[in-house]
């Protein structure tokens, strides 16, 4: 009898422990949210006076800067006023781009680590376009806004929460646009799929996925002074999340009716980073910080989820892992572009072979083409042909720059604001915090400080 009683007591104790564990609520780790200074307002939907001509100064002419200069020579209503890089030869190379386009040379700034400040201080520049290494992005943008300039900053625009809040406060205080140059939101498949989602083709969007999966083994030597490998060596977490986050967040109307509440993240151990350093320098690295693979799961206020991955170390085909999971349909870009949806989501006369649509298989190629044609985004209808001629990651870079100029010239809200920048860049600090606390949930701040529901749904602005 006592045996049975002991077994019963043990069972009840285990049940009580298990029940207690299930009932426990783990409070996410929180980071400080600075109080908005008195008299300062949010910049959700910010508009500024129209600019007949957008006068531009470029800082950083290494890997991405020259391509931006080239693209701007094809954008109407722009004037390239100044060029800056630490290395004089790079400025000279960018001047040749202007000469080839039959444009006058721009003012040159180089040879000093503070030369960029003089560019920002000029009175004849409206927009400062920053394409330097990551660690200089935020400080340059803040200085430029403080001197009355709009700023466009390469990805990632900020690497820490302190930098993010400084950019937000400066944009709010100066009422200047602060846009991150996230090109992947203009990809042809992504933008068409966004249009489909906005028109209800997938039903309610419940889950999105994105990533930056790109083996950089052949590219590490091209980064000036090895800055990118050094950054991965010294920083843990998803340090380059914006290519995946941008399209994912636009699909879910983040800070335009929904907001991200918390994340959990984990990584693998570091293998290929230290191996690469050993191979190229002979040095042993025992404390390489960034794991080869980082995976992050996010939950929003409205119960949606986002999965983000980062991997620049292992052999894998390039992928941004773009996926859309809706209540009534699905889209995926990698490894192949495909759609899946209930037949009821599409009118029978809109696509061929409508009878072949089902909820468990990819639509046939002719149906996919019909969908891509029917839901081609208005931006692509206007710019696709020119974008593919000018180029820049297949044309999406040109569309990004064109839209930036278009909105400034028409006094419209930009396609991406400083809060988008914050939400996509905060992954670096917040994923590290989660990983270093055994993948604990970490709260994602409301960077709008209360304005996340002010606009209902993400949309691009167009002049009337």
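Backbone N, Cα and C atoms are what each Cβ position is placed from, and that goes for glycine too.
Over in Swiss-Prot, the protein carries these features:
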SIGNAL    1-16  signal peptide
LIPID     17  S-diacylglycerol cysteine
LIPID     17  N-palmitoyl cysteine
BINDING   63, 64, 85, 134, 135, 136, 137, 154, 155, 183, 240  NAD(+) binding site
BINDING   212, 228, 240, 241, 242, 243, 318  substrate binding site
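Annotated features taken from Swiss-Prot, shown on the structure.
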{"residue": "63", "record": "NAD(+) binding site", "DSSP (3 states)": "coil"}
{"residue": "85", "record": "NAD(+) binding site", "DSSP (3 states)": "coil"}
{"residue": "135", "record": "NAD(+) binding site", "DSSP (3 states)": "helix"}
{"residue": "228", "record": "substrate binding site", "DSSP (3 states)": "helix"}
{"residue": "240", "record": "NAD(+) binding site", "DSSP (3 states)": "coil"}
{"residue": "318", "record": "substrate binding site", "DSSP (3 states)": "coil"}
In three-state DSSP terms, the structure that residue 155 (NAD(+) binding site) belongs to: coil
Cβ-based isolation winner (fewest other Cβ atoms within 10 Å) among the binding-site residues 135, 228, 243: 135
Residue from 63, 85, 135, 155 whose C-alpha is spatially nearest that of residue 243 (substrate binding site), among the binding-site residues: 155
Sparsest-packed of the listed binding-site residues (212, 318) - C-beta count within 10 angstroms: 318
For residue 212 (substrate binding site), the three-state class that DSSP assigns: strand
Subset of binding-site residues (63, 85, 135, 137, 155, 240) lying within 10 A of residue 318 (substrate binding site), CA to CA, in sequence order: none
Where the record names 63, 64, 85, 134, 135, 136, 137, 154, 155, 183, 240 as binding NAD(+), the maximum Cα to Cα distance in Å: 23
Between residue 240 (NAD(+) binding site) and residue 228 (substrate binding site), the C-alpha gap once rounded to whole angstrom: 11
Shortest C-alpha distance to residue 155 (NAD(+) binding site) - which of the binding-site residues 212, 228, 241, 242: 242
Site of maximum Cβ density within 10 Å, from binding-site residues 63, 155, 241: 241
Pairwise Cα distance for residue 135 (NAD(+) binding site)/residue 228 (substrate binding site) [Å, integer]: 10
For residue 242 (substrate binding site), nearby residues of its own chain (Cβ under 8 Å, 6 or more apart in sequence): 155, 156, 180, 182, 184, 424, 425
Nonlocal neighbours by CB distance (under 8 Å) for residue 85 (NAD(+) binding site), same chain, sequence gap 6 or more: 59, 60, 61, 62, 65, 91, 94, 109, 110
Local Cβ density at residue 137 (NAD(+) binding site) - other Cβ atoms counted within 10 Å: 27
